[in-house]
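Since the structure comes first, as structure tokens, the remarks are kept for the end.
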Amino acid sequence: MRVLAAMSGGVDSAVAAARAVDAGHEVTGVHLALSRTPGTLRTGARGCCTIEDSRDAWRAAEKLGIPYYVWDFSERFQADVVDDFVAEYAAGRTPNPCMRCNEKIKFAALLEKALALGFDAVCTGHYAKVVEGPDGHKELHRAADWAKDQSYVLGVLTAEQLEHAIFPLAETPSKAQVRAEAEERGLSVATKPDSHDICFIPDGDTRGWLADHMDLDPGRIVDTEGNELGEHRGAQAYTVGQRRGLHIGRPAPDGKPRFVLEIRPKTNEVVVGPEQLLAIDVMEGIRPSWAGLPPREVAALGADPKARSEEFEVTVQVRAHGDPAPARAWLTRSEGTPRLHVRLDTAQRGVAPGQTMVLYQGTRVLGQATIDAAFADRPHAAV
């Protein structure tokens, strides 16, 4: 097959490209230039998308003896990821830009261009697994190394995208083995530190970055009764579950800390309260999609614009490296608009609108939806 290897400049994508070559594919390396100003970004452990990363990717491609190109996707990245990130925070939601990048850039714009140029598949260094299901369709599963598993951020992939995705690190037992293999292959990125932060906020200061990219007006911090407790420095820069940085002078009557419970962008208010009020057991999601074929309970709905599926058992994850929680899920449609509902067996805390919930059955990723509402439907203690 003709395979386009997305090379970020890190060790994972370099080893993935090398394994694609070993598998006998005709491999071409490509580095995506996502930043309009890569020279201003930090290099090293906390950044990516820098000029240094592009050079590291080129060195790896040269070592592997494969063609290498740099494609400028900065305008699309700005519109689909960065601008979306700002818009979501402005609306009081907490987005996941890495998932949006996979959805709109790596497995949409990149894959579209790759197929148009005659490539058969895109190869990346993600820790995830694509397998053929019993019905012959491709399925997305967790990687062998659950500590590094990235199936959560790939939950946005569609059935068609899975048909053209290759993840050579799927069965790798540990990151240490990837680094050892890179060392054996003579790849200079073998000891390069991982990047952990949002790539366009390499110093990790999300609040500071938002202050530079949107209007953050001071407003009231209130309790659930509407009593004013203090003043915030921009409601959109807070997130549900946050405890630090509230600057509330008046202590709670019980002396316990307060947490952000809700962001109200229309009134520019931040609502705070005790930890137990963070606990939720129901989540509702918009824009659901399925990684491969939908569950049979959903498929049974057909094209009915007003319907409710049967419930099906799942585990659900709301953070990239969060613990999967047992739950039951079902899909409803109202005037043709789908909405995913999840009822957790045990209450969870700190779930914010804008986050993504990814559904699993065993190791298989079923699909995902953007959380639109999260609330407590039955009494329970804080978790």
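Positions of Cβ are set from backbone N, Cα and C atoms, glycine also.
Feature list (source: Swiss-Prot):
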{"type": "BINDING", "residues": "ALA6, MET7, SER8, GLY9, GLY10, VAL11, ASP12, SER13, LEU32, GLY125", "note": "ATP binding site"}
{"type": "DISULFID", "residues": "CYS101-CYS199", "note": "disulfide bond"}
{"type": "ACT_SITE", "residues": "CYS101", "note": "active site, nucleophile"}
{"type": "SITE", "residues": "HIS126", "note": "site 'Interaction with tRNA'"}
{"type": "ACT_SITE", "residues": "CYS199", "note": "active site, cysteine persulfide intermediate"}
{"type": "SITE", "residues": "GLN355", "note": "site 'Interaction with tRNA'"}
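Most buried of the recorded positions SER8, GLN355, judged by other Cβ atoms within 10 Å, is SER8. In sequence order, ASP12, GLN150, VAL153, LEU154, PHE167, LEU169 constitute the residues six or more apart from HIS126 (site 'Interaction with tRNA') in its chain with CB-CB distances below 8 Å. Residues within less than 8 Å, Cβ to Cβ, of ALA6 (ATP binding site) and separated from it by at least 6 positions along the same chain comprise SER13, VAL30, HIS31, LEU32, LYS106, LEU110, VAL122, CYS123, THR124, GLY125. If you take the CA of CYS101 (disulfide bond) and look 10 A around it, you hit none of the recorded positions from SER8, GLY10, GLN355. Reported as a whole number, the C-alpha separation between SER8 (ATP binding site) and CYS199 (disulfide bond) equals 11 Å. If you compare every pair of Cα atoms in ALA6, MET7, SER8, GLY9, GLY10, VAL11, ASP12, SER13, LEU32, GLY125, the residues listed for ATP, the longest distance is 16 angstrom.
When the recorded positions LEU32, CYS101, CYS199 are scored by other C-beta atoms within 10 Å, CYS101 scores highest. Counting only the Cα atoms, the space from CYS199 (disulfide bond) to GLN355 (site 'Interaction with tRNA') is about 18 angstrom. Of all Cβ atoms in the protein chains displayed, 22 besides its own lie within 10 Å of the Cβ of GLY10 (ATP binding site). Cα spacing between GLY10 (ATP binding site) and GLN355 (site 'Interaction with tRNA'): 27 Å, rounded to the nearest whole number.
Look at ASP12 (ATP binding site): DSSP puts it in a helix.
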